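Engineer: Have a look at this one before I ask anything.
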Amino acid sequence: MGQASSHSENDLFISHLKESLKVRRIRVRKKDLVSFFSFIFKTCPWFPQEGSIDSRVWGRVGDCLNDYYRVFGPETIPITTFNYYNLIRDVLTNQSDSPDIQRLCKEGHKILISHSRPPSRQAPVTITTSEKASSRPPSRAPSTCPSVAIDIGSHDTGQSSLYPNLATLTDPPIQSPHSRAHTPPQHLPLLANSKTLHNSGSQDDQLNPADQADLEEAAAQYNNPDWPQLTNTPALPPFRPPSYVSTAVPPVAVAAPVLHAPTSGVPGSPTAPNLPGVALAKPSGPIDETVSLLDGVKTLVTKLSDLALLPPAGVMAFPVTRSQGQVSSNTTGRASPHPDTHTIPEEEEADSGESDSEDDEEESSEPTEPTYTHSYKRLNLKTIEKIKTAVANYGPTAPFTVALVESLSERWLTPSDWFFLSRAALSGGDNILWKSEYEDISKQFAERTRVRPPPKDGPLKIPGASPYQNNDKQAQFPPGLLTQIQSAGLKAWKRLPQKGAATTSLAKIRQGPDESYSDFVSRLQETADRLFGSGESESSFVKHLAYENANPACQSAIRPFRQKELSTMSPLLWYCSAHAVGLAIGAALQNLAPAQLLEPRPAFAIIVTNPAIFQETAPKKIQPPTQLPTQPNAPQASLIKNLGPTTKCPRCKKGFHWASECRSRLDINGQPIIKQGNLEQGPAPGPHYRDELRGFTVHPPIPPANPCPPSNQPRRYVTDLWRATAGSAGLDLCTTTDTILTTQNSPLTLPVGIYGPLPPQTFGLILAEPALPSKGIQVLPGILDNDFEGEIHIILSTTKDLVTIPKGTRLAQIVILPLQQINSNFHKPYRGASAPGSSDVYWVQQISQQRPTLKLKLNGKLFSGILDTGADATVISYTHWPRNWPLTTVATHLRGIGQATNPQQSAQMLKWEDSEGNNGHITPYVLPNLPVNLWGRDILSQMKLVMCSPNDTVMTQMLSQGYLPGQGLGKNNQGITQPITITPKKDKTGLGFHQNLPRSRAIDIPVPHADKISWKITDPVWVDQWPLTYEKTLAAIALVQEQLAAGHIEPTNSPWNTPIFIIKKKSGSWRLLQDLRAVNKVMVPMGALQPGLPSPVAIPLNYHKIVIDLKDCFFTIPLHPEDRPYFAFSVPQINFQSPMPRYQWKVLPQGMANSPTLCQKFVAAAIAPVRSQWPEAYILHYMDDILLACDSAEAAKACYAHIISCLTSYGLKIAPDKVQVSEPFSYLGFELHHQQVFTPRVCLKTDHLKTLNDFQKLLGDIQWLRPYLKLPTSALVPLNNILKGDPNPLSVRALTPEAKQSLALINKAIQNQSVQQISYNLPLVLLLLPTPHTPTAVFWQPNGTDPTKNGSPLLWLHLPASPSKVLLTYPSLLAMLIIKGRYTGRQLFGRDPHSIIIPYTQDQLTWLLQTSDEWAIALSSFTGDIDNHYPSDPVIQFAKLHQFIFPKITKCAPIPQATLVFTDGSSNGIAAYVIDNQPISIKSPYLSAQLVELYAILQVFTVLAHQPFNLYTDSAYIAQSVPLLETVPFIKSSTNATPLFSKLQQLILNRQHPFFIGHLRAHLNLPGPLAEGNALADAATQIFPIISDPIHEATQAHTLHHLNAHTLRLLYKITREQARDIVKACKQCVVATPVPHLGVNPRGLVPNAIWQMDVTHFTPFGKQRFVHVTVDTFSGFILATPQTGEASKNVISHVIHCLATIGKPHTIKTDNGPGYTGKNFQDFCQKLQIKHVTGIPYNPQGQGVVERAHQTLKNALNRLARSPLGFSMQQPRNLLSHALFQLNFLQLDSQGRSAADRLWHPQTSQQHATVMWRDPLTSVWKGPDPVLIWGRGSACIYDQKEDGPRWLPERLIRHINNQTAPLCDRPSNPNTAPGPKGSP
């Protein structure tokens, strides 16, 4: 112990101490004791100089350890310190009378003497206990044991220097050896106990008052639950002396084992009152504190002896093996056995750790057989029934239920008992939860108790696992283990979910005005437990809400103590308890704790002025004190004896006495003093009235120098303020604290540090600083009275969400004005420090026997009614209702005292108006037999009436928050609905007194807002507001008023305007939206700042997370002030009753294109300081969702506090109910755990999959989940195939059997998903898995704790389902996957993979790098490892090697001695190949040269399937594509070559012989056999040895164009029957198609002579269903265009198209439609000189040609819609062009001419027939003239003389070829009669 100690002496002392402990069946190691005393010397440097170790000295050691624990924390103290201390303390106090201990005392005494001898060898000094007791304040009963004579060496460092806080807690510094008296040494035992102290002879058994107070304080802390115990050691067994000393020690009565509780809250506190284990005789002298408390705790000892040892939370087992002897049945203090109990010997766990020293070997020889017992009580079925009933009625975690379960702890329940109780009492779900929690807690206990290596079966005992599942074996567990089992069972039970849904928002739980603070905290903690889980009710977030949501009175009491570190909320409950509100406020005024306020101090005296309050609120035993209790022996007693007022009486101002004791009737000025009341009658108190709050009056300290200023600076008065200049009119006022002003806490009262009174005959006017309104701060003007002596306050409010006001900001000015007194009448003669102004006078209408009536006008008619706050709607009596006002019956019920079924209601909205001009609209009900009218809440709410209850408590709280009576409770400016618009004057800088005060200066408050938007144009955009319905108009007005009150919009005169519209939500409420499309077009888009979502797998592994959600993010971000006018809108008014109110947005509007970008930038700027200050934190931010992760929970909480502060400083609001602090976390659709990430575990439903759109959505959702699922692309192929086909989104689709199997695989992958977060300390591996169809990649990390265990996947990578090329080889796909993996690794994790695992060998990799550009690019600049050894993990074993890996059959060079083949193909469909100079030609079904040649190669592979060959082709595409087929996993189906490629691939994969394909350039006329062979193949394609089949060609032509039989017969020279059979075989053509008839309508004689034009509707064309059709009547050529309408502009567009196709007509004939008869079309025809004629109205026969063309065109469109050309109805122009091509160019007439031939080639070799004809007017025969057209019974004759056509009936026409006219028709003149040519 001394510095000169020898090693042998230390060993001797430690050996004796070990022997003493072994006597108590406690084994310790020597090195642990040496370490323990080394720490004692470090903590207590005075300990070696004491010279003796008795209970007093050892108690001082405990005090030092206790203080060391408080100052430096528990982590600085070894875990076994307090255990060893308690063991030695028990030896000192209980068993020191044994011979063994006596021998140890002697040896320790000798060692201490030798160790404490100073180097100078001076004579020893004797210091008795009495001398020490006289030199220090006794902290406990002094010891009477004389100390050992010791020599005190030099002590360089005193205790006060090392521990300044302990100087006053322990003994004074020890005197030097030279200053002490030398007395002979007295040798006594080194270790003394209480028995020796009792017989020491001292008679001083009384404690002084100071020590008695300390003792009471220590006793009050006897069982402090705030400090969990560190040890879980069972109670010490009764002492049984060893056999070698049993004869020398008399038997003693031993008490039952008890649990020693700490006194000071420190775990294992050494100063815990020791309950004696030895029956002591009655003390005859003074004893220590333990003996003094013996009588007081005698009852407690008896109770504690029967209690079970229940360790608190967080227990740690003491690492000392203890064996306990058998307890006799007659042991004192042992309770009698229970009928259901039996004694079972307990076995002791053997220490499995091997000894590493001689000391361990010596201890191992001790017997370890079980030698102690405990009582085991079986479970009682009645008890289980009670618990089951409590669980069913109250819930498993109700206090009553938990108390019943805790009552079972004395039965030493085994794990089997706990499992039986859980099954019997809990529900199925709760039973599973309890088992899970119990197993987890058991594992934790097993880990915590592992100090030495535990036995192999130790962790199995607590959960009762095999082989300890038998209840008999469990009952034999030692007491310490059973104690842990009880603790684990109770903990698991208490962690069960509470009864009730955890849906209550914490932010909505607020303390009521009359609600006690303890009830409010109880509700808050209960809700927190439901939301966050058990144990989180004391979190910092809940403590924060405990202040923020408290009522104003409690907030005032808590505010001074918020910055203190409080472990629990117990101090807050003390501050705000109902009977101590006055104490808390008094303490807050002096910055003291309430406990300090009650101590004898010279600063305060609390006088009760209203004892009735104590009679109402305090318990009956508490008497109202009249002054503070004082101690007569306290050093400050003299100051408190004569405590009195230090200021003059505020009543008379003439003497120093209390106002309550003032007897004067006149004040100092001779004025009479008006009697003051106690608020029974008279005016209400002012807003700052706090003098008599709850009956306490807080007086200033003695002497009252300056009680109000917070520092030692003198008080500053208004007269001390400096003016800026000589001409300044006002004095500036600045804030004295840093303040955050929000709309929730405004109006806010702030002190300015300036006090009254004002100069005589003056008063002050407080005005706002002119520059403040521009920053959103409003200062309410006020009046400062001349006689006000308190501190001046200013009242602030804000129109913004959040404004920060730094300390020293200039806020207001006070202008001093002269005071003019009108009369001498006043309410109070003296104001003092009460509220300034006359705000303590207000008017209310008190409730009396008379009914509160109100007169209102409804549509101008006066009505009188009663104010009914219980009525939902206004009801008018039928007798008062005007008869001419309409009524309607409504299907509802009115319920009150009676009931009215289907009452009548006003059929129109009525406008109400009061006498003050306020108005609104209501729809009242009308009831008969109603005596009076009732004004319901529908009209009272519009009038903004307020119910005021003048309760003293409520009124005091309201007044303390600045409420002005009589002005309402409005949020803005005390009841004013609209804020006062203040026009700032920028040229006014104020008085500037801050220029002379360096500590007080004006600081510009930055107002954060969004970035400015760039605009393309500066001209205003105005879009008129469209009208709204009456219902939506009222909703729009209400919503606009709501946004205006919230500060989101403001009135404006902006030249910009865009319309608003109102939609109804599903909930029935309305939503305001603005159409900003026109504004978005003229603004410059900012672009996306985050192209994708952040991946949660990049969060570091094992980081603690907190998720934050911002509330109404857009509405909390202010727009740039210059951008606000661009987002203006107008509120429509019905019938233009008034000008439309116009507003503009002050915050980010919804629907603006740049709002998401501005929101992201604003939030990112808010959290930028957090990122810079916390670089080790991982913060994810996306829009309004923020996730922060730190490596420890403490860092996460600190970072959370910082980020909340930063967000709040920017005005952003946090949604408290969406803050997530515990697992599982929900973020961006993911479920985050401590290590793993899960996507939503959904089950894919198939009942709704019916259309293409449904399957497209399903596959889109699956693609979003795939990066986190083990789902290869091959599993999605059947689902992807369903998407092929008809592109119509509503086209019908159905699940195939293969698709159903794919969905099953997908559901399985979703349920078995397992993706882990990354560990940046482990290597990142990219695995390329050769899965079928396409390869798959995964980011992988090995197991960080055990490399032999399986690793974890981080992210799965997949290639797109539709590749960019038709043929992609497997090596190319792997290269693409490597590129994607490296890109993703840099994007998400910021690094390249450490290694890449590929399915190729090193030789194959070398070959790929040499021959493949994709692999060279993929591995460019990669510095990691490339390997082909996959980890042996079952997760990746599903990816077996696939056959499409490396080419085997395809060769890159010609094959020696192989067959030489040449191929070629032509567009005529002939395929040719040459084998051994023998050409072979084949007719292919294709007309593309590439497909024909591919067909030839397919024939070659079929013919030469069993021999190698070298093939040459002149197609480079074929030469490059075919060699790839061997390694192509799948072929893209978007090309016509896909079927040929698929067949070739199957032939190649089935081949056994290699092949080579080379490329030759054709038509170069080069010499050599290769060129000759290629030329021979080319020539073979030009020979057509096979006779073509005209029927086949006709069939193909009909398939493409659906030609009629007549045209097929003429074009392909087939018979009529063959043509008709082809048409009949077509399912889409009508068999009985009528033959086109020429008709009898007038037709043009030449092309473009007459057009007929009309419009037909073809519905399948959709919007372009208006098909304009034009027919040339001469040739029958049809032109048509799809249009979107029939207006003149559409007609003109069609005519322009026709003019560009066939030229300009002479005449256009149409019907009388408005599109044709309109002025626009008439002008168009006139300008182009086109004659326009119309037919007879409503007679379509005049348009017969074009009408028949309509039907012909529609039939052709319907047939061609399914043509192989692939034109559908969604392509109107293409399909229409195809139909016109078929009608105009492919349809032939009887002469084999098409309409195009007739149009462009009107002259033919055929001669017109010449006839003679008789003029019907003159009966004269004329001619011969040609016949132009033969009709039905008529003909058109061309009169060559008249040069024009003439229609004649057939009877007037005669052919001149061998025919003459009838005789009856011959003319009289034979010279003119027609006859044969050449006849006379």
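Each position is counted from 1, following the chain as shown.
Each residue, glycine too, has its Cβ placed from N, Cα and C.
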Engineer: Tell me which of 1295-1336, 1421-1462, 1589-1630 corresponds to the zinc finger entry in Swiss-Prot.
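Structural biologist: Residues 1589-1630 are the ones Swiss-Prot records as zinc finger.
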Engineer: Have a look at 759-808, 809-858, 1659-1708, 1809-1858 and point to the one annotated DNA-binding region in Swiss-Prot.
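Structural biologist: Per Swiss-Prot, the stretch marked DNA-binding region is 1809-1858.
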Engineer: Figure out which of D1711, D1789 sits with D1654, E1747 in the Mg(2+) 3 site per Swiss-Prot.
Structural biologist: D1711
Engineer: Enumerate same-chain residues with a sequence separation of six or more from D1464 (Mg(2+) 2 binding site) and a Cβ-Cβ distance below 8 A; give 'none' if the list is empty.
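Structural biologist: The answer is A1471, A1472, Y1473, E1493, A1496, T1513, D1514, A1562, N1574, A1577, D1578, A1580, T1581.
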Engineer: Starting from the Mg(2+) 2 site formed by D1464, E1493, D1514, D1578, give every other residue of that chain whose CB sits within 8 Å of the mean position of their CB atoms, in sequence order.
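Structural biologist: Those within range, site residues removed, are F1462, T1463, G1465, S1466, A1472, A1489, A1496, T1513, S1515, A1562, N1574, A1577, T1581.
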Engineer: What does DSSP say about D1514 (Mg(2+) 2 binding site): helix, strand or coil?
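Structural biologist: Looking at the DSSP assignment, D1514 (Mg(2+) 2 binding site) belongs to neither helix nor strand, so coil.
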Engineer: Could you say which of the binding-site residues E1493, D1514, D1578 has its Cβ with the most other Cβ atoms inside 10 Å?
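Structural biologist: Counting every other Cβ within 10 Å of each candidate, the maximum falls on E1493.
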Engineer: Could you tell me which three-state DSSP class D1464 (Mg(2+) 2 binding site) falls into?
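Structural biologist: Assignment for D1464 (Mg(2+) 2 binding site) reads strand.
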Engineer: What mean pLDDT score does the zinc finger (1589-1630) have in the model?
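Structural biologist: Computed over the zinc finger (1589-1630), the mean pLDDT is 83 on the 0 to 100 scale.
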Engineer: Which residue counts does DSSP give the domain 'RNase H type-1' (1455-1586) for helix, strand and coil?
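Structural biologist: Secondary-structure composition of the domain 'RNase H type-1' (1455-1586): 53 helix, 30 strand, 49 coil.
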